[in-house]
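Everything on this sheet refers to the single structure shown next.
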Amino acid sequence: MASTTNNTPIDTVILDIEGTVCPITFVKDTLFPYFIEKLPSILQKFQYPLPTTTTSDNDDDDDDDPVLNILKQLPENIIQSWESIFNHFKNLVDQDIKDPILKSLQGLIWKQGYENNELKAPIYQDSIKFIESFPTVKSKDNQRKIYIYSSGSIKAQILLFGHVKNSSTSTTSSSIDNDTIDLNDKLNGYFDITTVGFKNQSNSYIKILQEINKSQYPQSVLFLSDNINEVNAAINAGMKSYIVIRPGNSPINDEDKKFHKIIYSLDELDL
């Protein structure tokens, strides 16, 4: 395993979302249940069995419905009824399986929730402060950047950071209403499992380094996550990586605490 102790200055930070900048309970206790609650009424508006990609090639109307286009990616035996589709997705959610089709559909349904003001992202205040301030501090080449890497789709990431619940009066981000701000203009890019791969695989972080032109300077990149497997994967790709401990996160064993830097708030970062 590569060492995370290196004097190379950090000018790029990659943030995980749940359990790192956002309470892990928001995804499991708010976003997932919201998706399951809204799913039946969305599925029931279609006629079953759904057309497959092959049978609907000449139906231009099908292409106008983003939900239907996602559902048509499912195996034919699943799209015979709305109940079978619902059970399929509910099973994936219950088992916390990172399925790309599920993530795409969740992103669409969450979009409606954010736009209807039914959903707001409870980003930690220390994380809001860091995201707003880190890029504004000048480095030698003035290229300090923040990226997001999450198993949730990029669309879902943009929605989440675009509808952040804020209790501070000193924010520098654009306001949507009195208690909602948009942090997306502070972020330089987003990655998910469809663009670079799964978060517990080192090759995913190697791809990110290539995408952000940091392959030659991996130690100038810091990845923050609550997941030890993700932290190890990032370190093995050459990055620096710290474990973030937040209320409700899975416990970190003493052995891992010995060999990894631990932080409890992004306020602890001195970059």
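Residue numbers in this text run from 1 along the chain shown.
Cβ from N, Cα, C; glycine included.
Computed from a predicted structure; not experimentally measured.
Annotation source Swiss-Prot lists Mg(2+) binding site at Asp16, Glu18, Asp226, citing sequence analysis. Neighbour density for Glu18 (Mg(2+) binding site): within 10 A of its CB lie 23 other CB atoms from the protein chains shown. DSSP assigns Glu18 (Mg(2+) binding site) to a strand segment in the three-state reduction.
Among the features that Swiss-Prot reports, substrate binding site is placed at Ser150, Ser151, Lys199. Take the CB of Ser151 (substrate binding site) and look out to 10 A: across all protein chains shown you find 23 other CB atoms.
Candidate binding-site residues: Asp16, Glu18, Asp226. Nearest to Ser150 (substrate binding site) by Cα distance: Asp16. In sequence order, Asp16, Tyr149, Ser150, Ser151, Ile193, Ser225, Asn227, Asn229, Glu230, Ala233 constitute the residues six or more apart from Lys199 (substrate binding site) in its chain with CB-CB distances below 8 Å. In sequence order, Ile17, Gly19, Thr20, Val21, Cys22, Ile24, Ser150, Ser225, Asn227, Val244, Asn249 are the same-chain residues whose CB sits within 8 A of the CB centroid of Asp16, Glu18, Asp226, the residues recorded for Mg(2+) being left out. Cβ atoms within 8 Å of the centroid of the Cβ atoms of Ser150, Ser151, Lys199 (the substrate site) belong to the same-chain residues Asp16, Ile17, Lys98, Tyr149, Gly152, Asp192, Ile193, Phe198, Glu230, site residues excluded. Listed in sequence order, the residues of the same chain lying 6 or more apart from Asp226 (Mg(2+) binding site) and placing their CB within less than 8 Å of its CB are Asp16, Glu18, Gly19, Thr20, Ile24, Ile243, Val244, Ile245, Arg246, Asn249, Ser250.
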